[in-house]
């Protein structure tokens, strides 16, 4: 009624608070008054046997997956597209170290950043290692981390001294196995080791020029990768010094191969074959009479 006045002494009371469901924070905690600090609250408790926000377990890195096929790149050579350096580590064999018996060489390949690229293994017979030593004919199979053969290197038997034009060494490079993509051919020179990097049509693409002395006592031994007219260096094959004890007791060597990142992957693969050929020609034990080979 308009103009109604409450009786004297009457004071209106506030309405009763609305009941808050169990598990929800109090309103005062969510909306603190002036001068009050907010009170941390907890969300509703999960039901027994369940977690509100399950946390993932530790992430375990799996094996590297296969490389994505690229147009214009031979199958299996995709790992060479984005790299400009390959580190080659030859595994030391205990039988070879302690008994002096020559075994099939095995290698591990990594990129300059440490990524595993694959494994390489020699295939040769005991008679060839016994009679021919470092000049033995052989086949090297390079497999990717998934154990798929992606590269095959074939070295025929060439008799005679490498300083004679009739005894020049050669390595054929196949990728995929069965398809020749290039050759490594030793170029005759009376004092300096030289090699020609040839394409599938045996046309020269690059040259590899080594030092006059390849002993490299205490230092790395470098073979320069040059243009086909030898006017400019574009890469390097380095046999890394492994220390006096290792060099004296084993012929397990470490190599570093450097090339331009935009170089054709086929040429990169042929340079890899040149690295293996250089290892056998200059840094492998020389064969001879006696027990210098063993079946592995």
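Just so you know, glycine gets a Cβ as well, placed from its N, Cα and C.
Annotated features in Swiss-Prot:
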type: COMPBIAS; residues: 12-22; note: compositional bias 'Pro residues'
type: COMPBIAS; residues: 35-47; note: compositional bias 'Pro residues'
type: LIPID; residues: 159; note: S-palmitoyl cysteine
type: LIPID; residues: 161; note: S-palmitoyl cysteine
type: LIPID; residues: 163; note: S-palmitoyl cysteine
type: LIPID; residues: 164; note: S-palmitoyl cysteine
type: LIPID; residues: 166; note: S-palmitoyl cysteine
type: REGION; residues: 1-58; note: region 'Proline-rich domain (PRD)'
type: REGION; residues: 1-58; note: region 'Disordered'
type: MOTIF; residues: 7-15; note: motif 'SH3-binding 1'
type: MOTIF; residues: 15-18; note: motif 'PPxY motif'
type: MOTIF; residues: 21-27; note: motif 'SH3-binding 2'
type: MOTIF; residues: 66-71; note: motif 'SH3-binding 3'
type: TOPO_DOM; residues: 1-266; note: topological domain 'Mitochondrial intermembrane'
Residue 159 (S-palmitoyl cysteine) sits from residue 166 (S-palmitoyl cysteine) (Cα to Cα, rounded, in Å) at a distance of 8
Counting across all protein chains present, how many other Cβ atoms fall within 10 Å of the Cβ of residue 159 (S-palmitoyl cysteine)? 9
Count the Cβ atoms, other than its own, that fall within 10 Å of the Cβ of residue 166 (S-palmitoyl cysteine), considering every protein chain shown. 9
